[in-house]
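A short write-up of the structure that comes next.
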Amino acid sequence: MWGSNVGLRLSLAPPGCRPAWRVAASGTTSRAALRPTLSASSLIPTRLGLRFNSSSTTPSTSTTTTTSASEPVPIPPVPKLKDEKPKSFFASIAARFNPSASEGDAEAGKGESSVAKLAELAIPEKKALSIAVGLLLVSSSVSMLVPLSIGKLIDFFSANAATFMGLSFPVAAAGLAAAFLVGGVANAGRVYLMRTAGQRIIARIRDQAYLSTLRQEPEFADKSAGDIVSRLNADANILGDSVTSNLSDGLRAVISASVGVAAMFWISSQLTMFMLCVVPPISIGAVVYGRYLRRLSNQTQESLGEMSKTAEEKLNAFKTVTAYNAQGLEGKMFESKVKDVYELAKKEARASAIFFGSTGLTGNLAMLGLLSYGGHLVSTGAITVGDLTSLLIYSGYVGGSVSGLTSFFSGIMKGVGAGARVFYLLDRKSTIPLGVGKQLSSTREGPIRFENVRFTYPSRKEVEVLKGIDLEIKPGTSVALVGTSGSGKSSILTLLDRFYDPTHGKITFDGSDIRSFTPESWRDRIGVVFQDPILFAGTVHDNIAYGTPNATRADVENAARAANCEFIWDLPQGFDTVIGKSALSGGQRQRISIARALVRNPSILLLDEATSALDSASENAVNKAIDDIIHQQHITVILAAHRLSSIARAERVVVLENGVVSEQGTYDTLSKAEGSRFRTLMAAQLLLEQSSPSVTVVAEKKEQHE
Ligand SMILES: Nc1ncnc2c1ncn2[C@@H]1O[C@H](COP(=O)(O)OP(=O)(O)OP(=O)(O)O)[C@@H](O)[C@H]1O
């Protein structure tokens, strides 16, 4: 814990209460008071003829602010689709139909079949699906009565018989009508149950895939947001369809084909044998076609993902596109992606055309053969005209069912392709998994240490950004990381927030590697302000309370005050003003995001300063907020600093060069040291800032003050 001789203390709520931060005046010596006052002479290379004097810091002594931080909202785990291992039956089907793992499967590194997973998806719906299958049996049985009845009717009328199937004709007709009614109702029930079950499966897939995506390391979503959206959208639809409507149609086809063939055998085994000769070639064609279609379907979905990604990226940068008159260029780029999708769809259409054309032809030729041979059997008296009619209709049913089976097969293959892409999201293990490690206690304090930290971005393995950082940051102190653009300041912050882990070395907190804590409990201690603060649709209150949903209005207001957000009280609806409807300046957005970081009651604040210049009023307001945080609260502040004014405010300056810490010390020491790298850097920074009126104004004001 921090010593009692400091001005402000972090205290925790009594057991059973929500943890609260309490900034209370205590002791006589504040950290700020211990710090040397910055002076103009300590600062600027005089050869530039510019002087900058950081205002002296006066610690506030009487403020007692209580802000309740809420319990961290637990991040729900991604529920497993089903605990059991896939049945070997499915695995064997998968191995047959899906010999080469798709990209998704391969990336998932499971080798587990998408077909098996598709079947697993249907399991929570087993009740609805079983009833639907029962109804399907009823409706299919009724349908299969039709050809037999027609044959018998023809024989009945041609023979001028007194009874029809042992019954008077009106009774038999009424019985048939009743059976058809039952069949119709059963069919309606089947369609309803299958569709609703399908929609529930789609909803479940989307929820789980999105949840799983949220649990990934940030780089994953950064790289492929558009593609992920396409997986959640189009692929989830295809997948849901393939396990319900498609499955239902497939089952119906199986039932119709088998009952049809049985009935045909019953009517005439000779004719039926003749018919069955044409089935195997069609089946082989179906398998070849199905495989080809699956490959195409995978490629089409990938292309659709690419297309969405292109559109999303450019729509997000609409201003840049407009400003650079790049509409034509972007239109062409999108057109080429659309063309890729179209070309694949054309291939699919060609394959379908050939397949359906040839199966249709084969079917009709078979029918002709059946009619000729059947006519011969009728003429010899082996079968009746009614039997031949029934047989012809049954063979039509069987033919229809076989082609239904091929679309079932191709639908399943499409589902497998889409499934691999969706399951990839579901199965992907984050490189920094949530919930793994020990819980970091909210009271534990200690220094942050970088021990020979080396780091390379996974997407840019050829460049080592950090080449052995050694650094210690004591609790409650403030550090400004300085260095040229690209020197790795922001990278250090992202490592601290565990968006990435070091490739070598370690970062410790109170002696423990931060990788040993669950990422959630570690991040709970951290408030982070990004270079480009993102505000979400919603009110100012919602934005400040983002990630701390139980924060009260008082908590939010206290955090806003601490972040120097007085302007909020002047907004038309104050904290209930909807962001987006109110034009906020860059500085105001930045301060709202500082308030968002503070309302979490962090013990570590990571602040990645915006590189863009703020107007002087905004810069002053942001600086004051940073000043207040550095001086009034027991928060370890680590700044990726770009502005002189904030560099000067930190207790310690760390200079990064060529991936290592080249110098560190107080601002005074470094700026006074002749020939220090820091002086050179600051000279360059000043030259840069000279062109920014805001900084000049600040510098001038400070000179006047001096
Ligand atoms: N997500 C990323 N993937 C790959 N390389 C990255 C990524 N982010 C940053 N880099 C690279 O890492 C290096 C260090 O970048 P970093 O943003 O940490 O520097 P910085 O000192 O904060 O720069 P600036 O002052 O411009 O913000 C740069 O070469 C940058 O291009």
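Placement of Cβ uses the backbone N, Cα and C atoms for every residue, glycine included.
If you look up TrEMBL, you'll see 51-78 marked as region 'Disordered'.
According to TrEMBL, the feature compositional bias 'Low complexity' maps to 54-70.
Sequence annotations record features per position, and here TrEMBL assigns transmembrane segment to 128-150 (among others). Note on the transmembrane segment (128-150): residues 122, 176, 179-180, 182-184, 186-187, 189-190, 193-194, 196-197, 244, 247-248, 251-252, 255-256, 259-260, 263, 386, 389-391, 393-394, 397 of its chain, located 6 or more positions outside it, place their CB under 8 angstroms from a CB of the stretch.
Summarising the annotation, TrEMBL assigns domain 'ABC transmembrane type-1' to 131-414.
Marked as transmembrane segment by TrEMBL: 162-186 (among others). Using a Cβ-Cβ cut-off under 8 Å and counting only residues 6 or more beyond its ends in the same chain, the transmembrane segment (162-186) has close neighbours at 135-136, 138-139, 141-143, 145, 149, 152-153, 156.
Look at TrEMBL and you will find 250-267 (among others) tagged as transmembrane segment.
What TrEMBL records for 273-293 (among others) is transmembrane segment.
According to TrEMBL, the feature transmembrane segment maps to 353-371 (among others).
Summarising the annotation, TrEMBL assigns transmembrane segment to 391-412 (among others).
The feature domain 'ABC transporter' is assigned by TrEMBL to 448-683.
Confidence annotation: the domain 'ABC transporter' (448-683) carries a mean pLDDT of 89 in the model.
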